[in-house]
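Engineer: This structure is in structure tokens; I'll ask about it shortly.
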There are 2 protein chains.
Amino acid sequence: MKLSRLLRLRGIFYTKKDKRLAASIKHMAGSKPFNLALYKLAIKHASVSDEYVNGLKISNERLEYLGDAVLGAVIAEFLFIKFPYRDEGFLTETRSRMVNREALNQIAIKIGLAKLISESYEGRNLNAHKSIFGDSLEALIGAIYLDRGYKFCKKFILKRIVIHYDVDEIINTTTNFKSKIIEWAQKENKEVEFKMVSMTGNQRFKEFLVEIWIENESTASGKGNTKKKAEQEASKNACEKLAIQI
Amino acid sequence: MKLSRLLRLRGIFYTKKDKRLAASIKHMAGSKPFNLALYKLAIKHASVSDEYVNGLKISNERLEYLGDAVLGAVIAEFLFIKFPYRDEGFLTETRSRMVNREALNQIAIKIGLAKLISESYEGRNLNAHKSIFGDSLEALIGAIYLDRGYKFCKKFILKRIVIHYDVDEIINTTTNFKSKIIEWAQKENKEVEFKMVSMTGNQRFKEFLVEIWIENESTASGKGNTKKKAEQEASKNACEKLAIQI
């Protein structure tokens with residue numbers, strides 16, 4: 001019998017609660033867990049734990065530390081391959097945006113991890129710890145890594161986590177197109193001007209329209225709900241039009 | 001024929017210089033490289049490169065970014081397993097000491113990478129960039145990861161890099177034993193005192209001897225070439241004697 005099958009045999013000793021957890025993990029990770037204890041630990045936040053072993057509080061914090069490192073490596077490779085002509089400054093910045101607490105919180109909600117945690121700790125107030133879901137997502141990654149190895153964990157991250165990112169959106173906010181245009185203009189010795197053409201809408205929904213004039217000629221325009229975003233959008237369009245390397 | 005053998009066949013097209021590089025890599029990584037181009041790139045520091053492709057300077061910086069992430073994950077797991085009862089704060093701090101630039105520089109020298117780089121760029125002044133060897137070690141890790149996969153790369157890190165660390169020494173400097181003793185004394189409501197017993201030696205080689213007195217009883221002592229180190233050593237001995245959890 002294959003080892004993986006043997007390991008799954010543990011399932012016959014599961015309690016009803018264990019079975020539900022194993023099913024949830026299977027939904028999230030795409031395969032039944034081998035060592036369920038790791039996943040139980042992964043959803044145990046320090047704020048809801050009061051067990052101590054050898055002076056160490058039993059919580060998911062160690063798994064979170066491990067998961068954070070594995071996630072970092074997988075995302076690093078993902079961006080390395082996706083952007084063969086971008087420098088390491090861009091890659092580092094984009095990665096840090098992808099693994100920030102808020103982004104991970106959102107993904108934990110999307111994949112159902114937040115619901116699983118809320119259910120396990122009903123009656124306790126989890127809202128006091130806003131990062132609890134993102135932390136637990138990292139801990140889940142740590143648990144999957146220990147349970148199933150790097151290859152499986154990498155697949156989990158790429159197929160079930162990265163898929164929720166709008167990478168283009170992240171990059172658009174990572175790249176400062178306006179400074180690219182200004183840099184380019186200085187190098188090429190051209191005069192560049194950002195003109196706000198119009199501002200429409202009411203107090204709540206504003207729309208700005210900005211044009212970029214290069215050497216007294218309108219080159220590109222952009223819209224946005226703030227002046228900054230409109231300038232960014234216009235700069236991006238100008239970069240494309242002028243084929244400026246970003 | 002196995003794929004790995006086939007890939008090694010590339011060797012018949014190597015120039016003399018390539019052959020020497022491949023032999024050096026084999027010495028360092030324990031196995032011949034499959035894709036030598038990756039390793040050539042890994043030892044190309046930005047300061048000695050002047051090629052550009054698509055606006056990107058061809059250098060080892062991207063590989064360094066990738067290697068840094070992979071090294072972080074492997075060291076994270078190494079410490080996670082080595083210290084099952086230490087919290088994530090300790091693990092994070094110890095890891096950051098292990099992957100700092102100075103530590104990596106030293107290891108690059110020990111494994112012969114520094115020599116390889118110096119030879120490749122003879123005539124150029126590398127001393128201006130002190131971190132060049134540590135950077136290149138990370139880039140080498142990135143190259144090995146891409147060339148041979150995670151498992152091989154992890155083995156390389158554990159067998160050929162981690163082996164050069166004195167982990168106990170790192171931990172001794174990570175753990176602040178003095179504050180552990182003071183914390184413990186406050187909790188146990190005991191009076192603790194650090195007494196400098198003697199200072200011997202001359203201007204250049206000093207030795208301090210410090211004793212820890214708990215409730216007016218000498219409990220432990222420690223030596224060191226600074227007062228702080230002696231206190232640290234004495235505190236460590238006291239922690240051991242009193243079986244204080246660290």
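Cβ atoms here come from the backbone N, Cα and C positions, even for glycine.
Bear in mind that TrEMBL entries carry predicted annotations, made automatically and left uncurated.
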Engineer: So TrEMBL lists A:Asp135, A:Glu138 for Mg(2+); which of A:Glu61, A:Glu64, A:Glu211 goes with them?
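Structural biologist: Of the residues offered, the record points to A:Glu64.
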Engineer: Round to the nearest Å and give the CA-to-CA distance linking A:Asp135 (Mg(2+) binding site) with A:Asp68 (active site).
Structural biologist: 9
Engineer: Taking the Cβ of A:Asp68 (active site) as the reference point, list residues of the same chain whose Cβ is under 8 angstroms away and which are at least six residues distant in sequence.
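Structural biologist: Within the chain, A:Asp68 (active site) has Cβ neighbours under 8 Å at A:Val99, A:Glu138, A:Ile141, A:Gly142.
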Engineer: Looking only at Cβ atoms, how many others are within 10 Å of the one on A:Asp135 (Mg(2+) binding site)?
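Structural biologist: Around A:Asp135 (Mg(2+) binding site), other Cβ atoms within 10 Å: 27.
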Engineer: Taking chain B as the partner, extract the recorded positions from A:Glu64, A:Asp135, A:Glu138 whose Cβ is under 8 Å from a partner Cβ; order them by sequence and answer 'none' if none remain.
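Structural biologist: Only A:Glu64 pass the 8 Å Cβ test.
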Engineer: Taking the Cβ of A:Glu138 (active site) as the centre, how many other Cβ atoms fall within a 10 Å radius?
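Structural biologist: Counting Cβ neighbours of A:Glu138 (active site) within 10 Å gives 27.
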Engineer: Once near-sequence residues are set aside, which residues in the chain of A:Glu64 (Mg(2+) binding site), 6 or more away, have Cβ atoms under 8 Å from its Cβ?
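Structural biologist: Looking at Cβ-Cβ distances below 8 Å from A:Glu64 (Mg(2+) binding site), excluding near sequence neighbours, one finds A:Asp135, A:Ser136, A:Glu138, A:Ala139, A:Gly142.
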